[in-house]
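A short worksheet on the structure shown next.
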């Protein structure tokens with residue numbers, strides 16, 4: 001089996017006219033598409049969901065699907081199939097999404113509503129133990145004393161998959177920029193598995209399918225360890241990953257050395273994309289075959305970035321891990 005997959009255009013022509021949004025290839029890669037909601041769509045969406053504060057979406061989970069339907073209806077029901085087609089397409093699987101008119105931290109609640117609507121057109125966002133909600137908001141500042149690299153600004157946050165230390169399947173990851181002050185650097189880093197030049201070597205290694213222990217630090221509010229291999233396959237036999245260097249716990253010398261070499265091979269890949277994400281925009285990626293991370297920031301005493309994330313499962317597909325769910 002050849003683990004590399006050629007890049008093909010989306011079955012829906014990226015030059016096609018859509019109702020309520022536009023779609024173009026990104027400057028970084030044809031695998032990453034940029035979807036922009038028009039000013040009119042954004043305005044109508046916010047007007048129609050204004051009656052529900054974010055707290056209502058937190059307390060009544062069915063409302064998350066309601067706001068998704070409102071957004072899809074405003075896009076002539078072209079949005080949901082486009083999202084699913086793109087995210088389930090192995091040759092793509094990633095979107096940078098923007099809504100004209102949403103670009104300021106004062107609109108943070110509107111950002112949460114928009115991201116929630118998009119996410120719940122493809123599936124459902126899982127409970128986030130770190131925040132106690134279906135989403136998490138967190139801040140990166142110039143000085144950090146936390147117990148993981150999530151908020152540390154002056155180093156690269158290495159490429160990884162989300163959901164490695166929980167039992168729930170994590171098919172997608174959504175990462176939104178809510179605020180940014182005195183920032184230079186800190187671009188999102190992305191790597192598609194099929195663009196990783198060392199994939200075949202590590203996917204075929206005897207340790208690739210050995211269950212390993214993943215344990216989270218206290219800030220994640222997850223006390224139970226989980227066991228799964230770093231690599232698995234989807235229903236078509238293609239490689240997928242569940243990996244993060246911070247939380248995998250090698251049991252012996254052999255595993256430790258292999259994981260260290262794996263980490264180096266990922267971080268030095270020539271296939272890594274550097275993607276700026278302005279305030280109000282968000283990345284939505286297939287977590288099974290995209291790794292994500294963050295570049296370092298330039299130090300500044302008043303540095304501040306606020307992010308929002310959602311992670312969940314696809315409700316319209318069965319592209320899950322085949323052997324260790």
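Any Cβ shown, glycine's included, is placed from N, Cα and C.
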Identity of the Fe cation-site residue among 228, 292 (reference: 160, 162, source: Swiss-Prot):
292
As a test of the contact definition, list every same-chain residue at least 6 positions from residue 160 (Fe cation binding site) whose Cβ is closer than 8 Å to its Cβ.
243, 244, 245, 246, 291, 292, 293
Within 8 Å of the centroid of the Cβ atoms of 160, 162, 292, which other residues of that chain place their own Cβ, given that this set defines the recorded Fe cation site?
159, 161, 173, 244, 287, 291, 293
